[in-house]
Amino acid sequence: MAVRFVTGNEGKVREARAYLEGLASVEQLEYDYTEVQSDSLEAIATHGAREAYEAVGNDEPVLVGDTGLFVDALGGFPGPYSAYVEDTVGVERLWRLVELEDDRRARFRTVLAFADENGTETFDGSLAGTIVPPRGEGGFGYDPIFEYNGQTLAEMDVEEKNAISHRGRALSTFAEWYAEYDE
Ligand code: ITT
Ligand code: NA
């Protein structure tokens, strides 16, 4: 069975392939689904996966991921608005906002939604860390300001990051479920 991962990011497709090896083949599907306005990653991902499955799934299951960075002292901001805030405010200025706080704890959270003819299932994964001044050249998005175990995610190599990441955890939960489901 093939799972079509709806994303503009090829790195995420490679990561999903590694988790689903021997279970399913993973293909990239570029489809611009409607991002509903919601403070729930589940709602956004579920809606996107249903829409993508019905519009372009051609009876093959689709997987949609939605990720947010939730800063404790900012009431969870930017959360579901993380992509918008990255494009508008930017990562460096988010750091400067958090710099004003004593408590700099934050969490990445990813929700994956899997849609097929039977309905939609969601899987989640998270990673707790601290917001720090930007360091490192790797990764993408908020990686340079997110520190885990003394390193920012942008200082880790891809395998190191994937092994502990929010998306890695969500993919591993999904893979376990899928192994039972696809029997
Ligand atoms: P898709 O095409 O895969 O949907 P996206 O960037 O629109 O990509 P995401 O839900 O993955 O959607 O990401 C939302 C925001 O969070 C966006 O600003 C990303 O750059 C950022 N982000 C996602 N995963 C991240 C990670 O592992 N490390 C740092 N930032 C991340
Ligand atoms: Na997304």
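Keep in mind that glycine also has a Cβ here, set from the backbone N, Cα and C atoms.
Quick look at what TrEMBL annotates:
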BINDING   THR7, GLY8, ASN9, GLU10, GLY11, LYS12, THR67, PHE140, GLY141, TYR142, ASP143, LYS161, HIS166, ARG167  substrate binding site
BINDING   GLU35, ASP66  Mg(2+) binding site
ACT_SITE  ASP66  active site, proton acceptor
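What TrEMBL annotates, mapped onto the structure for a quick look.
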residue	record	DSSP class
THR7	substrate binding site	coil
GLU35	Mg(2+) binding site	coil
ASP66	Mg(2+) binding site	strand
GLY141	substrate binding site	coil
HIS166	substrate binding site	helix
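ASP143 (substrate binding site) is surrounded by 22 other CB atoms, counting those within 10 A of its CB over all protein chains shown.
GLU35 (Mg(2+) binding site) is surrounded by 15 other CB atoms, counting those within 10 A of its CB over all protein chains shown. Listed binding-site residues: THR7, ASN9, THR67; maximum Cβ neighbour count within 10 Å falls on THR67. Less than 6 Å separates the Cβ from ligand 2 in the case of ASP66, drawn from the binding-site residues ASN9, GLY11, ASP66, ASP143 in sequence order. The 10 Å shell around the Cβ of GLY141 (substrate binding site) contains 17 further Cβ atoms across the protein chains shown. Each of the binding-site residues ASP66, HIS166 was scored by the number of other CB atoms within 10 Å of its CB, and the largest score is that of ASP66.
The Cβ neighbour count for GLY11 (substrate binding site), using a 10 Å radius and every protein chain shown, is 12. Across the fold, the C-alpha of HIS166 (substrate binding site) and the C-alpha of ASP66 (Mg(2+) binding site) stand 11 Å from each other. The two recorded residues, GLY141 (substrate binding site) and GLU35 (Mg(2+) binding site), show a Cα separation of 18 Å.
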